[in-house]
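Some notes on the structure that comes next.
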Amino acid sequence: MAYPFQLGLQDATSPIMEELLHFHDHTLMIVFLISSLVLYIISLMLTTKLTHTSTMDAQEVETVWTILPAIILILIALPSLRILYMMDEINNPSLTVKTMGHQWYWSYEYTDYEDLNFDSYMIPTQELKLGELRLLEVDNRVVLPMEMTVRMLISSEDVLHSWAVPSLGLKTDAIPGRLNQTTLMAMRPGLYYGQCSEICGSNHSFMPIVLEMVPLSYFETWSAVMV
């Protein structure tokens, strides 16, 4: 999860987030090289009064600075399109969970079970226990099996919300009257925190999301108790 004064992205927990981290580094490297070149040229122009008259109207130079940016954009676009298609791909999910956004809490329904649903509210600051995180803890966590494909169906009952868990590379809008879907797969157990990422009213900041990724055997025990 995030920590104070963090500069980079959160550690990846899912294959999609790992791909996003690689794409981020790839794009940042290209941007850094371009910025360095531009700053170098500007510094040369500011520190010398010499002018190359042969480059004032050179077709070759114009050709280069037209083709080169096109190549750079292609190098950025191709990996981006690949990841976009990966994020939309859904192959035989092992479990489906429906989440509904409300002002200002989330409700969850495990559609593969007959009667397994609950609401998830933020725990107020004055009720937190030692070691719990302010504005991020909830009274009912979403327990999911790790190393399995889980499909999330996301919608809203009132206004626009957005269901986001950064360490899993997830951010899907919750739109009234529309059912969006995304998939997740965590590669290791743990607690993963997120928040509503769409301004939805006065208590927008108080809609945390907590996913508890556990081994399949523990999940089966938990679901049997909950049902």
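Every residue, even glycine, has its Cβ placed from backbone N, Cα and C.
Per Swiss-Prot, Cu cation A1 binding site is recorded for HIS161, CYS196, CYS200, MET207, and the stated evidence type is similarity to another entry. According to Swiss-Prot, the Cu cation A2 binding site annotation covers CYS196, GLU198, CYS200, HIS204. The Mg(2+) binding site annotation in Swiss-Prot covers GLU198 and rests on similarity to another entry. If you look up Swiss-Prot, you'll see TYR218 marked as phosphotyrosine. Here Swiss-Prot flags 1-14, 88-227 as topological domain 'Mitochondrial intermembrane'. Taken from Swiss-Prot, the feature topological domain 'Mitochondrial matrix' covers 46-59, and the record attributes it to similarity to another entry. Here Swiss-Prot flags 15-45, 60-87 as transmembrane segment.
When Cβ-Cβ distances below 8 Å are used as the criterion, the topological domain 'Mitochondrial intermembrane' (1-14) is approached by residues 20-21, 24, 166-169, 184-188, 190-193, 213 of the same chain, each at least six residues removed from its ends. All protein chains considered, the CB of TYR218 (phosphotyrosine) has 15 other CB atoms within 10 Å. DSSP gives MET207 (Cu cation A1 binding site) a coil state; it is part of no helix or strand. Taking the binding-site residues HIS161, HIS204 in turn, the residue surrounded by the fewest other Cβ atoms inside 10 Å of its Cβ turns out to be HIS204.
Across the range of the topological domain 'Mitochondrial intermembrane' (1-14), the DSSP-based residue counts are 0 helix, 0 strand, 14 coil. Summarising the environment of CYS200 (Cu cation A1 binding site), the number of other Cβ atoms within 10 Å of its Cβ, over all protein chains shown, is 21.
DSSP classifies CYS200 (Cu cation A1 binding site) as coil under the three-state reduction.
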